[in-house]
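Lifted from TrEMBL, the feature list:
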{"type": "ACT_SITE", "residues": "E196", "note": "active site, proton acceptor"}
{"type": "BINDING", "residues": "G226, G227, S228, T229, Q230", "note": "ATP binding site"}
{"type": "TRANSMEM", "residues": "15-36", "note": "transmembrane segment"}
Amino acid sequence: MRKIPNNGNLRMTKVAYPLGLLVCLFIYVAYIKWHWASATQAFLSITETASGAQRGQQAHSPQGMAARGHEVFYGIMFDAGSTGTRVHIFQFSQQPGEVPTLTHETFKARKPGLSAYADDVEKSTPGIQELLNVAKQDVPYELWKVTPLVLKATAGLRLLPGEKAQKLLQNVKEVFKASPFLVGDDCVSIMNGTDEGVSAWITVNFLTGSLRTPGKGSVGMLDLGGGSTQITFLPRLQGTLQTSPPGYLTSLQMFNRTYKLYSYSYLGLGLMSARLAVLGGEEGKPAEGGEELVSPCLSPGFEGEWEHAKITYRISGQKAAGSLYQLCASRVSEILRNKVHRTEEVKGVDFYAFSYYYDLAVNAGFIDVEKGGSLVVGDFEIAAKYGEWPGARMLSQVSRVTVPGIEMRSASPLGPRGRRWTLGWPRVPGCAVPELGEAPGGPAWQGGHLFRPHPGRCVPTVCRTAETQPLRSPFLCLDLTYVSSLLQELGFPGDKVLKLARKINNVETSWALGATFHYIDSLSRRRSPAP
């Protein structure tokens, strides 16, 4: 007998089938979504890896998001100096609660300086745009809107009349605001000299590790620009804090620490401004009627032209009896008189010297143009008086050196730290320069030499040579004499060692890095809620 179907089971089957289909459909849709999300994430990961490889295999991530536990961010600093405008693009990496690490720097310079466009500000725009394009190429697109863009002008604009300087700055500000970067109301400004010195101090102490390692001794900073010169160090002696004139001490808050710094900028005592002053010119003003500027610091037979801040001056050497060095030193002394504060503590502080200090040391043959080096303060005076000669810096390390036309040999030993040397120079009529006296060995005397008069022996001198023939650089006698006098006026003794570096750990030793750090640090403090 055939069984009759049960109507109740039939109803259950009719309900179960659609329900099962819905469940399967739901599972299928969920699976598709999950699979698509995974595939998309993998695609984005691969794309980001490829993009990173194209950018020199540097990993980038949006600000505020971690990349392997590090936050990656950028800062763009324009350095508008007296002789040119430079852009620095810094890439930083930071772990939570730690001091940032500099991971990359891009640097590009353009001449002339902004001050050269004081009478036609629109002409400065193409140069600024050119440097902005460098930043666009270096900073990842997704970070443009969170990357601060800042321009700080130095002595070149500080020396301009206020109205002209402000017009230049306003033009730059408009260009910046049209850019895709993070631009604040304070994005463009004239940096006062103290801030310039403090920023350079931050740079060198960050790069040498002093700011990252509490308790590690800091170093001082000497910067010689075109329009101004700065000195900055961290005093340890109470006497320095008590006797420093008003305006020479400043407080710096950085990385949750406070520093009381000795820092001062001497406007008008940068190398180019000092040249003009020594020549008898006035900043920003052509010589009346195209009159020639005559100086005892130039070779008596020299005549030529010199361009400074877009003004061309006719210059010539003064035809006067007497030692060119002594006449030049006397003129430089007039320029520096009562303008520089001397502090005793600099004798015991390690100092780095930058910018034109470095360039001049290279021109005088003291250091390698790429590697830098060290010298003693007295070397600048020696170069002016007694000249430069190959092998001089090796005297404390060898027993005999022969240079074309020169023979150097040890005479009598002076003990374990030094030897006495004589120089066998060809006799030159009328030449009365020195015999090398004592060159003690040891790190404190690296590159140090002491000379004393010795008739009949001649060293080809910078200033002395200029008395009879034009120098390869007409300003070398003036520059060496000026820097020597400036350092002595600041309180540095002749045997004080200075380190000269264009880069530390492959990073430019300018104020730009320190100013960028300080600006970003101040932004963080402004955004942090008050306790």
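Quick reminder: no glycine exception, Cβ is built from N, Cα and C everywhere.
Structure with TrEMBL features highlighted.
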{"residue": "E196", "record": "active site, proton acceptor", "Cβ within 10 Å": "28"}
{"residue": "G226", "record": "ATP binding site", "Cβ within 10 Å": "25"}
{"residue": "G227", "record": "ATP binding site", "Cβ within 10 Å": "30"}
{"residue": "S228", "record": "ATP binding site", "Cβ within 10 Å": "26"}
{"residue": "T229", "record": "ATP binding site", "Cβ within 10 Å": "30"}
{"residue": "Q230", "record": "ATP binding site", "Cβ within 10 Å": "29"}
Item to check | Any further residue of that chain within 8 Å (Cβ to the Cβ centroid of G226, G227, S228, T229, Q230) of the recorded ATP site | outcome: S82, T154, A155, G193, E196, D223, L224, G225, S265, Y266, L267, L269, G270, L271, S273
Checklist outcome for this item: Students should find that the Cα atoms of E196 (active site, proton acceptor) and Q230 (ATP binding site) sit apart, in Å rounded to an integer, by 8
Checklist entry - How would DSSP class E196 (active site, proton acceptor) in three states? => result helix
